[in-house]
Amino acid sequence: MSLLNEYIQKEQQLKQLQEDLQRLEGDQRLKSELEFKSKLEALMNEFGKRPADVVALLDPAADQRGSKPASSNAGRRKRRLKIYKNPHTGEVIETRGGNHKGLRSWKDEHGDETVESWLVRMED
């Protein structure tokens, strides 16, 4: 697409978005919702409340239904450590994932099932 065509297309999109925005600004429902939001924020500021406080007050069961807070879950849990020992060479590989270079080469050479049978132990 030429630069001129792209410019013309973007200009048309801008005009369409401006028309949509003007239509929304004239909608009474939007005005009502914006007024409600403004008054609610003023009330929250007056009483020193956060949005989460208001939700907990109005719907106590929402905390049980909702997701866990981010602070309690610091991230994904670690994968279990798998320790493999090659019976032919005595070499040991410790890995938490399946993309270990040495393990992948063993599986290519001996097959997945065979290498999985070399699993010595798993640790958390």
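Backbone N, Cα and C define each Cβ position, glycine as well.
Marked as coiled coil by TrEMBL: 4-34.
Taken from TrEMBL, the feature region 'Disordered' applies to 59-108.
Non-local neighbours of the compositional bias 'Basic residues' (75-85) in the same chain are 91-97, 103, 106, 115, 118-124; each lies 6+ residues outside the stretch with a CB under 8 Å from one of its CB atoms. Marked as compositional bias 'Basic residues' by TrEMBL: 75-85.
Under the heading domain 'MvaT DNA-binding', TrEMBL lists 82-118.
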Per-state residue totals over the region 'Disordered' (59-108) - DSSP helix, strand, coil: 12 helix, 9 strand, 29 coil
